[in-house]
Amino acid sequence: MIERGKFRSLTLINWNGFFARTFDLDELVTTLSGGNGAGKSTTMAAFVTALIPDLTLLHFRNTTEAGATSGSRDKGLHGKLKAGVCYSVLDVVNSRHQRVLVGVRLQQVAGRDRKVDIKPFAIQGLPSAILPTQLLTETLNDRQARVLSLNELKDKIDTMEGVQLKQFNSITDYHSLMFDLGVVARRLRSASDRSKYYRLIEASLYGGISSAITRSLRDYLLPENGGVRKAFQDMEAALRENRMTLEAIRVTQSDRDLFKHLISEATNYVAADYMRHANERRIHLDQALELRRELFSSRKQLAAEQYKHVHMARELSEHAGAEGDLETDYQAASDHLNLVQTALRQQEKIERYEADLEELQIRLEEQSEVVAEAAEQQEENEARAEAAELEVDELKSQLADYQQALDVQQTRAIQYQQALTALERARELCHLPDLSADSADEWLDTYQAKEQEATERLLSLEQKMSVAQTAHSQFEQAYQLVASINGPVSRAEAWDVARELLRDASQQRHLAEQVQPLRMRLSELEQRLREQQDAERLLAEFCKRQGKNYDPEDLEALNDELEARIAALSDSVSQAGEQRMTLRQELEQIQSRVKTLTSHAPAWLAAQNSLNQISEQSGETFESGQQVTEYLQQLLEREREAIVERDEVGARKRAVDEEIERLSQPGGAEDARLNALAERFGGVLLSEIYDDVSFDDAPYFSALYGPSRHAIVVPDLSRVRDLLDGLEDCPEDLYLIEGDPQSFDDSVFSVEELEKAVVVKVAERQWRYSRFPSVPLFGRAARESRIESLHAEREALSERYATLSFDVQKTQRLHQAFSRFVGQHLAVAFEADPEAEIRKLNTRRSEIERAISQHENDNQQQRVQFEQAKEGVAQLNRLLPRLSLLADDSLADRVEEIQERLAEAQDAARFLSQHGKALAKLEPVASVLQSDPEQFDQLKQDYEQARQTQRDARQQAFALSEVVQRRAHFSYSDSAQMLNGNTDLNEKLRQRLEQAEAERTRAREALRTHAAKLSQYHQVLASLKSSFDTKKELLGDLQRELQDIGVRADAGAEERARQRRDELHTRLSNNRSRRNQLEKQLTLCEAEMDNLTRSLKRLERNYHEMREQVVSAKAGWCAVMRMVKDNGVERRLHRRELAYHSGDDLRSMSDKALGALRLAVADNEHLRDVLRLSEDPKRPERKIQFFVAVYQHLRERIRQDIIRTDDPVEAIEQMEIELGRLTEELTSREQKLAISSRSVANIIRKTIQREQNRIRMLNQGLQSVSFGQVNSVRLNVNVRESHATLLEVLAEQHEQHQDLFNSNRLTFSEALAKLWQRLNPQIDMGQRTAQTIGEELLDYRNYLEMEVEVNRGSDGWLRAESGALSTGEAIGTGMSILVMVVQSWEDESSRLRGKDISPCRLLFLDEAARLDARSIATLFELCERLQMQLIIAAPENISPEKGTTYKLVRKVFQNHEHVHVVGLRGFAAPPADALPGPAEVS
């Protein structure tokens, strides 16, 4: 028999009136006796505080402040403590004889709220010799002690070996320890449990029938059927979860396409944009690098162009300067040529004019003679004409005068006067004052003779003049020739000068004959000199081009060197061309190969993805296609093995399910037919009677009853006999035992217990030996243990079955994946990585491009060197033939010498050219210069004088002839004389007039004809003179101009000048062409530099923009990559095969996916908003956020009980594996989990029946309890009528309400609530839900009504109410009920606590003076029978006969208050020494 634990003592430290007081507690009743204020309630409060240290519950009423608020309420504890550290400690010895101190440290908290700080603790392993006061205080001297703080107490205990102090931060942990050690009867897990326990203590403390307990007796007495309720709840939860899972499967099946579509489109949408950005980033990086290369190349090219520009500008400036000089030289040469040509033309003109002048001179002389003759003849004709004219005029005037005289007298006078006038004129001309008309005739003859004489003399002089003029003209001609050759010279020196000139002329002719040879020699030397100058210029240019000065003698060696260099460079260039061709061919091959690999890469990447997938799924690494096919065969074998193992596990799981179902039968009946037979026979299953047997006792009873442990216990076997006839629906062996089901015991067998076995004497000659089963099934605890283990096994089997099913499905899908891989990708999967080869080829291509670029640069340099060498050789080819010229230093001197000789010869030739004809003319006539014909002037003067004399004589003769002709008029002295002779005179006059007019006409005609001739002669002469003078003047001008020109106009001058001009023109043209070429090149260079500068600026701008774009894109890309890696979606988004698509294709792919996504997420506001935000092209990370949001959304929609992954993509793969299997499994599970209404009714009925039996057992313990008029106390348990109807309908009429229980939309609890509403429509359900009502209806306690009844006097059994009982009766009745509650708690908790622990039982009773001695004795008897401790507080007049009594007296000494305690043993007890005296410790 297990000994019950006991409270040994209560220790109060530093309480009000108790400094260090230990109350030893009696094993039964401890009485605290004393007057009011003695400290009884303080002691009990300390005990209760140590038991339940919960300030939310502690409430000691006698010190409660009336009307105080809850915030400042004292709770009655603050005033019971003194300042400082206080302790309340219980010393307990449990059933294992373990000593444990449990208690609390209390301390007042300063403040107006009068709060108390409580700290629970426990001390284990303390030796029994150490008292609590010794442990909690420190003795200072004989009269003084100090209370230790909790830390000091801990330090003190740490020094004790084997002693352990535990402090608790929660009351639950504190009570858990107390329950495990058997200090409290019930595990107080929650505040509700603590509240129940405190209410029980409170009801015990203050006595009477507590309404708080009687109203909730079901909660105190009826244990919560947690197992059944939990089973229902678990079953419902399993069904609900099963249905939800099935619904989730159906939704998931419907969502699978949505998953696929959403994931596919989201992946396409985001991955395409992700890869497009990755491609663009790579392209931008490549572009940035390319721009940087172009930038550096452009800078280098610009520097080269600038250098080239400087070089060409310098060369252009040199050519421009040279061009100015050449233009000057060319212009000078052109001018010289023009001058030479002009001089030649002038010379030709001079010669032509000289010839013309000579011819004109001859013609002029001849014409002068003709004019002189014509002039003379004209003078004669004029004289005759004049005479004839005078005569005619005279005759006409005479005739007119005569005619007039005929008419008037005056006419004769006029004629007479005219005659006189003519006479006077004749006198004047002839100087004859005596001339008269009569002598006029004579004088006429005289003067005609004079005229004849003068004419003859004139002719003689003219002949002399002609001869003299000829001699004079020869002298003058010779003199003019000398003067023209030598210049002005005196006539006397003319002969000497002429002779000197003729002598020099021969020397001049000799020199002139040397002009042409000298000119040819000079032309040759000048040509050589020009060639020498050209050679020097070429040499200077060559040295300038070569950048080094060379001597002429070094040019041949340099030529050989340059030709060798040209040959080497030519070979190098040809080899470079071949090498370049080879490199370009290799580059083309690489590009072709890269193109082929690029087109092949997506298929290879798809194959690699598929290979990686099957490798991840299989956990294997495949190196060849043969390994794949071999592994495919292994998969087939593994699939067959997994299917066999799965079927075996499924069979075992079904067997376990059947066993669980069998063991879960109500009452422990393994056969459901036994329950029906028990109801039919009115008995109870033996297993149901022993349903509460402990797990440790189950093997014994199972072996004790053996095969009859499934027997039916009936009150009377005879009544059952008739029912056995015709019984068919029953087990093969049916055991019936007669006995009272309410008080059945195992006395029906004679049994002997052995080691792990029993021997049962069934009869005198029949024994049965039964060993304790290794897995007992007798009793609810054993069955529950077995069911629990079976459930664990079933869970393991289910998990194993699910695993195997999953493995089978996985293997099948893996087999399908391998089959697809073999069919689609095996041919390319194990080929070499095209991307790696592409990278190698790209590296090689870069190397080749660099090599080509370097080769081009080298080749360009070689070409430049080749062109330079070639140009040098060309220049040398022009220079080498002129090396002799370069070495000829005397050429210039020879040229100068020849030029001087040529100048002399040219001067001689020019002299001869100018004066050769004059010298030739002078040579034959030079001798005439010896004598000067001076008389020519006198002869000429005489000739002029004779001519004037002849002219005067002719005039005189004419005048005399006119007088002679008018001689008749002298006779007109009077008019009468004239009138008389008018007829004859008139006739004469007329005849004479006619003759005179005829003569005049002839004279006029002769004069006119001769005048015309003379005029013509004069015109010819004037023309000749004018022409002669003009040409002579022109000749002088031309000679002066020729002298002014200062150029030797010889025959070769023009050719030399033209050659010089043409040479300079060629050089100027070459210089201009070179300058133009340089200007064009310079313009092109400047344009190229401008283009390069603009290109450089553009490249710099583009490079900086691209670099900024790359840098900014890098930050955004880093954020994107960080987001991708943080969310683990890189594998989904980085689809390498998309890297081979163009940006437009990827953008089109993303746009198409975006359109599909808009439709797909149209009903999801969150995804729709995130998708809308992700459309911003400037925020690519939002697409990642959308992708993550899609994944998160899909993860949230993944049922983890169906699919064991968080990855939606893997979830889709697992869906295919799991959905079909789970659908089938969950459908069968739902059928198994379906709750039968009849089984629920049976379970509730059996539970109610069991609890009614337990309450009846408790009532047996209360039958002998009596208080005053109360003779007995009992608990009455009845089933409520409405609930009984519900049970009956569930058991018998459930088929009428299958619409509720077969509905998939309702849980069993909800269906039960709906049925309750159908059966009790009059009951208002309020605001409670059907689920809540159904859960209440599954709790059997709600079916029962409990009330306390007392058998009082003559009234019989009455309901226990405070108003119907006296105070003492009420206290006793309430104490009885509390004892029942404590005992019920112990029974309920027996399976939770160790089997070797029997908990302490202790109750309180304050103000026990209201009980009489009989009632107190009853309490003592109850305590003794129930092994219960009781603490009673009573006034001093109570002196119980049993137990321990403490007399408490509160005293005040010197303003110091303390309680004087005296302890006494009960009088009826065996003699014993008195307990220690009063404690005076202060």
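Even glycines carry a Cβ here, placed using N, Cα and C.
As written in Swiss-Prot, here are the features:
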- Gly34, Gly35, Asn36, Gly37, Ala38, Gly39, Lys40, Ser41: ATP binding site (BINDING)
- 337-418: coiled coil (COILED)
- 444-472: coiled coil (COILED)
- 509-601: coiled coil (COILED)
- 781-805: coiled coil (COILED)
- 835-1116: coiled coil (COILED)
- 1210-1265: coiled coil (COILED)
- 1051-1066: compositional bias 'Basic and acidic residues' (COMPBIAS)
- 666-783: region 'Flexible hinge' (REGION)
- 1049-1077: region 'Disordered' (REGION)
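Cβ neighbours within 10 Å of Gly37 (ATP binding site), excluding its own Cβ and spanning all shown chains: 12. Sparsest Cβ environment among the binding-site residues Asn36, Ser41 (other Cβ atoms counted within 10 Å): Asn36. In the structure as shown, the Cβ atom of Lys40 (ATP binding site) sits within 10 Å of 24 other Cβ atoms. Apart from Gly34, Gly35, Asn36, Gly37, Ala38, Gly39, Lys40, Ser41, the ATP site neighbourhood in this chain, defined by C-beta within 8 angstroms of the site C-beta centre, holds Thr42, Ala1433, Leu1448, Arg1450. Across the region 'Disordered' (1049-1077), DSSP classifies residues as 25 helix, 0 strand, 4 coil. Secondary structure of the region 'Flexible hinge' (666-783) per DSSP (helix as H, G, I; strand as E, B; remaining residues coil): 45 helix, 26 strand, 47 coil.
In this structure, of the binding-site residues Gly35, Gly39, the smallest number of CB atoms within 10 A of the CB marks Gly35. In this model, the region 'Flexible hinge' (666-783) carries an average pLDDT of 78. Other Cβ atoms within 10 Å of the Cβ of Ala38 (ATP binding site) number 24 in total over all chains.
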